[in-house]
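Novice: So that we are looking at the same thing, I have put the structure below in structure tokens.
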Ligand code: NAP
């Protein structure tokens, strides 16, 4: 069998970032992303720092708010409301995961829709599900963009998503359904996962379980997208069975940040448009 086509998110993200930088430079002010980090999880701190570096690299401003790990929901919401009212902030990202005492849904829903450039609020989810305009959850939006770029036909395709989180599996299912795919969402309680995955024309692994998807679970000639972080949810042998596969790293990850920056500039452009 011939080698699979590699879905190079890293290359597409570079193109998208260049377009985002040009759009940012054309604005009469610096489009600015505020990041909010609660607690001191080193992984989360690293992701937030990377997002800030990318902002600087492509001509966006960034503002960072770091809150103590014992911050209450009310305190966090107050910060988000302040950022929501700040005219110099165009996008707000609340870094996931949040400490257990925080009412996560209430916090995300305190971000005004026009500044929810990470697409995590209930309103953004509803807009995606209903096919209405608005910012999309970045990782699923990046996956759809990647599939479109490589001209993977979505209409009528049999798609299986492994994972149903609010930031990834669920919004991706909504977006792909809006694009006329037939979507099955699997999760930790799914009986006989392989039965589902092995009939997928497009398989998206978003479980955060390294090596979960083995070769026997992939239909020959399928398109396989691995949303997991290194080393990825899809085993090397499984990717070989595919017609096309996204690498880890260099696949979905760069697309997520590219979508975040693009949507921050969209939000800033909307401010200019509303003046
Ligand atoms: P999450 O909130 O932990 O959700 C994981 C999902 O996978 C849950 O729905 C869970 O089922 C399901 N699952 C776990 N083990 C499973 C198994 N053995 N079989 C079937 N389903 C299983 O994770 P997430 O935030 O969505 O992230 C998923 C992955 O994507 C992680 O590797 C994460 O690091 C990665 N990610 C990457 C990016 C990026 O930019 N590249 C961005 C975000 C996330 P239940 O619902 O039943 O618990």
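Cβ atoms here come from the backbone N, Cα and C positions, even for glycine.
Among the features that TrEMBL reports, domain 'Tetrahydrofolate dehydrogenase/cyclohydrolase catalytic' is placed at 11-118. Look at TrEMBL and you will find 137-270 tagged as domain 'Tetrahydrofolate dehydrogenase/cyclohydrolase NAD(P)-binding'. Residues or ranges marked as NADP(+) binding site by TrEMBL: 163, 164, 165.
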Novice: Taking the recorded NADP(+) site as 163, 164, 165, identify the other residues of that chain whose CB atom sits within 8 Å of the mean position of the site's CB atoms, giving them in sequence order.
Specialist: 161, 162, 166, 168, 169, 170, 185, 187, 206, 207
Novice: Within the domain 'Tetrahydrofolate dehydrogenase/cyclohydrolase catalytic' (11-118) only, compute the mean pLDDT.
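Specialist: Per the prediction, mean pLDDT sits at 97 for the domain 'Tetrahydrofolate dehydrogenase/cyclohydrolase catalytic' (11-118).
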Novice: Within 10 Å of each Cβ, count the other Cβ atoms and name the one among the binding-site residues 163, 164, 165 with the highest count.
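Specialist: That would be 163, with the highest Cβ count within 10 Å.
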